[in-house]
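Record features (Swiss-Prot):
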- 85, 89: Mg(2+) 1 binding site (BINDING)
- 89: Mg(2+) 2 binding site (BINDING)
- 179, 232, 320, 321: substrate binding site (BINDING)
- 225, 229, 233: Mg(2+) 3 binding site (BINDING)
- 85-89: motif 'DDXXD motif' (MOTIF)
- 82: site 'Plays a critical role in the stabilization of intermediate cation' (SITE)
- 86: site 'Plays a critical role for substrate recognition' (SITE)
- 160: site 'Plays a critical role for substrate recognition' (SITE)
């Protein structure tokens with residue numbers, strides 16, 4: 001086998017079945033319209049760029065059993081994730097406006113689902129809409145843990161922005177711990193339940209067994225993404241990328257660094273499969289019913305495995321990782337400034353105000 005034409009085409013053997021919702025094409029126009037309606041897409045150029053990222057396809061791969069409005073919700077969340085993430089990619093570092101919006105989002109996660117506050121701006125209003133829709137039909141326990149994962153994500157973006165300016169000597173392991181907060185997989189795992197109409201029993205979700213599987217799945221996604229985005233992030237002078245960290249730490253050439261990341265993925269896949277094969281023992285030890293065990297199995301298949309496999313299949317096709325999509329490091333990573341027009345003035349309101 002010859003070398004891939006680009007890092008984006010690097011092969012990973014993901015031993016999980018390929019799956020995708022049949023409703024991807026049907027929900028795509030509505031999802032793009034939602035992004036425009038909420039001010040997340042402000043120009044035709046941005047719309048063309050996002051269209052090339054194939055985010056509705058990503059949702060279809062992440063949530064293969066989702067249909068109709070459930071898949072639309074998943075697609076809208078994908079649009080939010082990527083457009084919000086890019087707001088932190090600024091040549092001047094972490095912007096005060098991004099911090100202000102993040103604080104407002106963090107405040108909302110502590111409140112019951114409801115309409116966005118007046119004058120919230122596009123990012124906050126869009127997330128409030130997503131959160132309202134996400135909570136529909138879900139238990140209070142799910143809402144509590146889903147809000148917690150969103151908080152970790154919002155805080156993680158701030159931490160990553162600070163680390164981006166100084167993380168050059170840290171190990172790949174340190175980097176992975178930080179990136180696990182911002183890659184967005186843990187809110188997605190929760191959304192897998194919401195869009196596919198089930199909930200994993202709390203007692204097994206919080207077991208070391210399932211938490212270890214979640215951590216492994218997240219690290220696999222991070223590492224695969226880092227390989228695919230190597231050229232794009234190198235061109236922007238990015239430091240938070242496993243391949244680029246290995247090049248600096250070990251003075252490795254690009255090829256050997258990519259090969260090492262491939263081995264890291266293989267090791268994590270092997271560990272994941274060992275845990276998956278022992279899941280029934282954990283269910284038995286927790287004295288779960290047959291119906292509860294079925295939900296655990298579904299979580300493993302249509303949340304963890306579908307995210308790992310779906311991410312890999314998508315990243316090989318998405319323009320998100322192409323060199324053509326990259327902007328010079330002297331420019332922001334976004335086309336539309338969504339937080340500079342946020343309308344947020346001062347700190348978020350205190351509880352009860």
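The backbone N, Cα and C atoms fix where each Cβ goes, glycine too.
Here the features listed in Swiss-Prot are placed on the structure.
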residue	record	DSSP (3 states)
82	site 'Plays a critical role in the stabilization of intermediate cation'	helix
89	Mg(2+) 1 binding site	coil
160	site 'Plays a critical role for substrate recognition'	helix
179	substrate binding site	helix
225	Mg(2+) 3 binding site	helix
233	Mg(2+) 3 binding site	helix
321	substrate binding site	helix
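Annotation for residue 82 (site 'Plays a critical role in the stabilization of intermediate cation'): spatial neighbours 50, 53, 55, 320, criterion Cβ-Cβ under 8 Å with sequence separation of six or more.
Looking only at other Cβ atoms within 10 Å, the busiest spot among the binding-site residues 85, 89, 233 turns out to be 233. In terms of C-alpha distance, the listed recorded positions 85, 86, 160, 229 place 229 closest to residue 321 (substrate binding site). Cβ neighbour counts within 10 Å, taken over all protein chains shown, single out 160 as the most crowded of the recorded sites 86, 160.
Just so you know, the Cβ of residue 320 (substrate binding site) picks up 22 other Cβ atoms within 10 Å once every protein chain is counted. In this structure the residues listed as binding substrate are 179, 232, 320, 321; their two most distant Cα atoms lie 18 Å apart.
Rounded to the nearest whole angstrom, the C-alpha distance between residue 232 (substrate binding site) and residue 225 (Mg(2+) 3 binding site) is 11. Mean predicted confidence for the motif 'DDXXD motif' (85-89): the pLDDT average there is 94. The CA atom of residue 160 (site 'Plays a critical role for substrate recognition') is located 11 Å away from the CA atom of residue 85 (Mg(2+) 1 binding site).
Cβ-based neighbour count (10 Å, all protein chains) for residue 179 (substrate binding site) stands at 23. The number of other Cβ atoms within 10 Å of the Cβ belonging to residue 232 (substrate binding site), over all protein chains shown, comes to 22. The Cβ of residue 229 (Mg(2+) 3 binding site) has 7, 8, 241, 320, 321 as same-chain neighbours under 8 Å, each 6 or more residues away in sequence. Highest local Cβ density among the binding-site residues 225, 321 belongs to 321, counted as other Cβ atoms within 10 Å over all protein chains shown. The shortest Cα-Cα distance from residue 233 (Mg(2+) 3 binding site) to any of the binding-site residues (85, 89, 179) is found for 89. Comparing residue 225 (Mg(2+) 3 binding site) with residue 179 (substrate binding site), their Cα atoms are 11 Å apart once rounded.
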